[in-house]
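> Structure incoming, see below.
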């Protein structure tokens, strides 16, 4: 029986950060879908502009606002909802729900908490209350105690005895948690742990070294009926955060007795916290007996529940929403099968493996060991008929330039080096295990070091035996067995040094959650060589295959999933079937009902061609999924695949630096001068010729990694030495650094005309566009230059016969220079679309599928008119990346983004900046310092001083009070600094200050231009006494904005 609610406010999770990523876009989207089905109006508050959920496909109303109590209260006051869902936006949403409840805001406006009651949430998230609850119901917990001060925590640690693990209350991604083996180590990290807890509380617990970590996903309804949907087993033992662990589903090493015992405990945990909806229960099991402990529970959708949904095909978030609004399990149907109720526990005839992906190369001084705190950026999930195959696929999906039995495996080095990596817990455990076994380590040796169950090590040993046999005697029978166990053609060719003849075809299998026990029609598919026949017939209707974005990493995030889902919607609206190929368990695109067929598979040339042969689509879309899909464009075209949109040949011309440069020369379009050097001496000589400053990028490095600005010869030499090798095989590109204003155009072309949006960066040149704060409409560019960048954009579209979405980046110093052209969707396209109220992916569908843009405007190019100011801000995850030095440069380091719109620019800027964690406006003090752009920093300090804020500075006369570095450090530790504003790169001078700010959640502004803009916006808000504008997205789209903006934007009417 449904609860009587007609309007529900849903709290999102905000920007993507380490520990709180796209899994909440997926779960939130499912929740919105379930509400719409029930005819309940949904009001979503989430500043994450890049997600699917902040568009009207799913939500009825969308507010791009900071996730802070005062903003949510304003939305509640305005919208008057009668219910609130807080279990679908990660820790952020749960904490906000508790805060709204405790401040009496929910009672004041009569808003019901749907799902698990707030008392239950507190029993789960407050470590002390959780321990008491477990003891009360007779469930075992490890020896532990809660502390409210560092001194108390030290006493508890001493009484329990080292080693201990410290867990933080009301927190996500294990932030601030640590393992200490001594008092000295404990004292070093305890202050940071308290800073990362919203309620300043930690739990000190006995460290269960070498115990197995097991997770259950439990669904429970208001009547107390429960289902254990899946049991996931962590390959890594206790002490490694589950988000950092390799996870296998279903569990592989539990006996039936152990499984039933832990399942029973998980259901009792759900009962004890009065869970309504979905929760995740983590348990520790002794490897030597049946002793176990309950570790923790999350009474909400989590990373593990997104994974569990994709592992089993059981739509957890959708079912959890229905339970929250009052249904019981037996009243709900499992929408995947269509024939069983939600009370059926899924049964699997395959195995799924999740492996995280790290991006440590992009961060300086970062601690690379993995442990109790999350540092991974994304994750992959592989499905196989056997564990060997699933392990192999998962490593390929990470897209790290190697495979499980690949180049690293074959490189010779001392065994001790590899064992040392295993001891330090460095990423990509399976690759180190395989290499150690090849170099002579035994299963026992590896088990002793890693505490990984021998069962998993034996699986890797099987692969190593096959690999070594392939090197010696590659028979046809052996190659066939290697394919069954997940070896790719590339691996086999590397080992045998001969081409693989395609003699066998893989089969397509479906996931029905029932292990084939009941007939069920599902479209959730995977491909394997370990099978005899296809589970589904070859498709008969015309279809289009869309390649997804694959694993998220820095630079590739939910923006590309937004593009994939929007393009797929456009295909299906046109009556054509759409198939998606993707393997990211966190995303909306890998939701089985987003497409007509979902291939949960690797995005490699070999696998795309297998699926292309089976699916026989009318074309393949590679431009929506970002770099991974786009980089296959030319290879696919060469293999005879029909690509939709811009040709693979054109993509290659834009991607290849030398070819693109020649093209710009031919068209007479200015570009920063650049050269390619094959030795350090040549690089020094050529850099002198084009004059400093220069941007240096070694060519053999992935994803814009290792790009730096060198201001003089010494910096250039230092950097090239760091780059390890510069040679004819690894030339280094050196281009003139032009310190101007950066701008870009997000556009769509049908080959005849171009339509799009201009974006201006607030930070100066030399900061990666993904780390820049962007504003639209532009504010400081001249009319002449804006007209010129549009002309250039049109010329490039015409020359390269662009059909579909693309993005051009410029630096403007008196005149525009082209920096790069991306012939695909860009990171900023969701922002461009939502800031103007026009979906660029729908326009892309017009260009690609209908053959022309239907915009009803004559001329070559046209800018979509602005409806409001839009500001997009980057979200960094410095707090999670222990030791990393926070700074901005030509290499991207942010993990997510947020945005806000406003009638006034200042309002949009402040709301956008406040949507980034841990930003708060300064009340009494600011530390402002730097060794470059001093005039801008001085102006910033002056404005804040005039507003009554005390400004401090180190090593100069920027703020009103000059203090020593040590004084600054002490003030930060004592909580006496509200905000830190600095600029540039000065690791040898201020590493401790910046790192401390990240560790203690002090807002950190890393660019002088942005600091000044924020100071001016704070001044504007103080002087005008303006309240923050609380408007729903559509309210901006349907009304004119401030007259002067209207005139200002119209002064360059781009309809040439």
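Even glycines carry a Cβ here, placed using N, Cα and C.
Okay, so Swiss-Prot annotates it like this:
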type	residues	note
BINDING	127, 167, 173, 174, 206, 208, 213, 239, 240, 241, 282, 296	ATP 1 binding site
BINDING	282, 296	Mg(2+) 1 binding site
BINDING	282, 296	Mn(2+) 1 binding site
BINDING	296, 298	Mn(2+) 2 binding site
BINDING	296, 298	Mg(2+) 2 binding site
BINDING	697, 736, 738, 742, 766, 767, 768, 769, 809, 820	ATP 2 binding site
BINDING	809, 820	Mg(2+) 3 binding site
BINDING	809, 820	Mn(2+) 3 binding site
BINDING	820, 822	Mg(2+) 4 binding site
BINDING	820, 822	Mn(2+) 4 binding site
DOMAIN	131-325	domain 'ATP-grasp 1'
DOMAIN	661-849	domain 'ATP-grasp 2'
DOMAIN	915-1043	domain 'MGS-like'
REGION	1-399	region 'Carboxyphosphate synthetic domain'
REGION	400-536	region 'Oligomerization domain'
REGION	537-919	region 'Carbamoyl phosphate synthetic domain'
REGION	920-1056	region 'Allosteric domain'
> Would you please pick out, from the binding-site residues 127, 206, the one with the fewest other Cβ atoms within 10 Å of its Cβ?
206
> So what sits near residue 738 (ATP 2 binding site) in its own chain, CB-to-CB under 8 Å and at least six residues off in sequence?
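Residues satisfying the criterion: 672, 765, 811, 813, 817.
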> Measure between the Cα atoms of every pair in 697, 736, 738, 742, 766, 767, 768, 769, 809, 820, the residues the record assigns to ATP 2, and report the largest value in Å, rounded to a whole number.
19
> Considering each pair of residues in 127, 167, 173, 174, 206, 208, 213, 239, 240, 241, 282, 296, all listed as binding ATP 1, report the largest CA to CA distance in Å, no decimals.
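Max span of the ATP 1 binding residues, Cα based, is 20 Å.
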> I need the nearest neighbour of residue 240 (ATP 1 binding site) among the binding-site residues 298, 697, 766, 768, 820, using C-alpha distances.
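Sorting the binding-site residues by distance from residue 240 (ATP 1 binding site), the top entry is 298.
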> Given the binding-site residues 173, 766, and counting only Cβ atoms in the protein chains shown, which has the most within 10 Å of its Cβ?
173
> So what pLDDT does the domain 'MGS-like' (915-1043) average out to?
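The answer is 94, the mean pLDDT of the model over that range.
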> Write out the long-range same-chain contacts of residue 822 (Mg(2+) 4 binding site), meaning residues 6 or more apart in sequence whose Cβ is under 8 Å from its Cβ.
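Result: 654, 806, 807, 808, 809.
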> Could you state the CA-to-CA distance between residue 173 (ATP 1 binding site) and residue 820 (Mg(2+) 3 binding site) to the nearest Å?
35
> Using DSSP with the three-state reduction, classify residue 738 (ATP 2 binding site) as helix, strand or coil.
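Once the DSSP labels are grouped into three classes, residue 738 (ATP 2 binding site) ends up as coil.
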> Express the distance between the Cα positions of residue 697 (ATP 2 binding site) and residue 820 (Mg(2+) 3 binding site) as a whole number of Å.
14
> By DSSP, how many residues in the region 'Allosteric domain' (920-1056) are helix, how many strand, and how many coil?
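Split into helix, strand and coil, the region 'Allosteric domain' (920-1056) gives 65 helix, 17 strand, 55 coil.
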> Please identify, among the binding-site residues 127, 213, 282, 296, 298, the one with the smallest Cα-Cα distance to residue 768 (ATP 2 binding site).
298
> Using only C-alpha positions, which one of 127, 213, 820 is spatially nearest residue 766 (ATP 2 binding site)? These are the binding-site residues in the record.
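Among 127, 213, 820, 820.
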> Tell me, in order along the sequence, which binding-site residues from 296, 298, 820 have their CA within 10 Å of residue 127 (ATP 1 binding site).
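Checking each Cα against residue 127 (ATP 1 binding site), the hits are 296.
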> Out of the binding-site residues 296, 298, 820, give me the one sitting nearest to residue 213 (ATP 1 binding site) by CA distance.
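In terms of Cα distance, residue 213 (ATP 1 binding site) lies closest to 296.
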> If you count the other Cβ atoms within 10 Å of each Cβ, which of the binding-site residues 213, 296, 820 comes out on top?
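Sorting the candidates by Cβ neighbours within 10 Å, the top entry is 213.
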> Does residue 298 (Mn(2+) 2 binding site) have same-chain partners at least 6 apart in sequence with Cβ under 8 Å from its own Cβ, and which are they?
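Counting only residues 6 or more apart in sequence, the Cβ neighbours of residue 298 (Mn(2+) 2 binding site) under 8 Å are 124, 279, 280, 304.
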> Between residue 296 (Mg(2+) 1 binding site) and residue 206 (ATP 1 binding site), how many Å separate their Cα atoms?
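Here the two Cα atoms are 14 Å apart.
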> Please state whether DSSP places residue 240 (ATP 1 binding site) in a helix, a strand or coil.
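DSSP assigns residue 240 (ATP 1 binding site) to coil.
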